[in-house]
Amino acid sequence: MYKVLARSCNLFLVQSKHSTHTSTNLLSTIPTLTKLKMSEEKPKIVFVLGGPGAGKGTQCSKIVERFQFVHLSAGDLLREERAREGSEVGALIEDYIRNGKIVPVEVTCSLLEAAMKKSDKNKFLIDGFPRNQDNLDGWNRQMSDKVDFQFVLFFNCSEEVCVNRCLSRGQSGSGRSDDNMESLKKRIQTYNNDSLPIIKHFEEIGKVKQIDASPSSDEVFSKVEEVFTQSGF
């Protein structure tokens, strides 16, 4: 795994150096403004957490439309990489997702960082991450000094409601290999054991905005709107 990741990182570094070289002449015409923008305008980050089926994706879509954030779903990025032809980590990602386990943080952070660098926006919802202590530690090592972390948006929902939503989603043709009872049991166990302690950590430092995710999506979003408006967005 580490050899594969190392090769991926090397490729990324080569591409980054190339991009820097080709843009040197343009940057030299406005060096002061460029440096100010890079140093002062760190991307604003909101982590979006909640159990499987809590409605994170639905609410993120509404936040994007209302508050002009970019929605980065850790799960979607991993699934896209898994399906990408020629991916060196696709099989590894598939094994972790199918078994309800959390993908190694090196993979997830690299995909998130690459997605942010591709965007021309400065506000990001990171959906479904960090999901355990290893995720949080990896994020802090790789990204914490590069971003302006705002808060965790936590969608709290009963296990029964979450399961019913996921099974209904799977029956409606979601195409997700983990929208079945066997995978759901593993995902919920992983969430309870690994993700809830992370939410508790952020609660202890006053960085959690909790939303009851049980009502309809419109009712939930009315509460979400209050949170983002009060936070200055």
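A Cβ is built for glycine as well, from the same backbone N, Cα and C atoms used for every other residue.
With a cut-off of 8 Å between CB atoms and residues at least 6 apart in sequence, the same chain places nothing near P215 (ATP binding site). What TrEMBL lists as ATP binding site is G53, A54, G55, K56, G57, T58, R169, P215.
For 73-103, the entry in TrEMBL reads region 'NMPbind'.
If you look up TrEMBL, you'll see R79, K101, I102, V103, G128, F129, P130, R131, R176, R187 marked as ribonucleoside 5'-phosphate binding site.
Non-local neighbourhood of N135 (CMP binding site): I102, V105, T108, F129, I198, each in the same chain, at least six residues away, with C-beta under 8 Å from its C-beta. The CMP binding site feature in TrEMBL is assigned to N135.
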If I take every residue in the region 'NMPbind' (73-103) and average their pLDDT values, what number comes out?
88
If you count other Cβ atoms within 10 Å of each one's Cβ, which of the binding-site residues G55, G57, P130 has the most?
P130
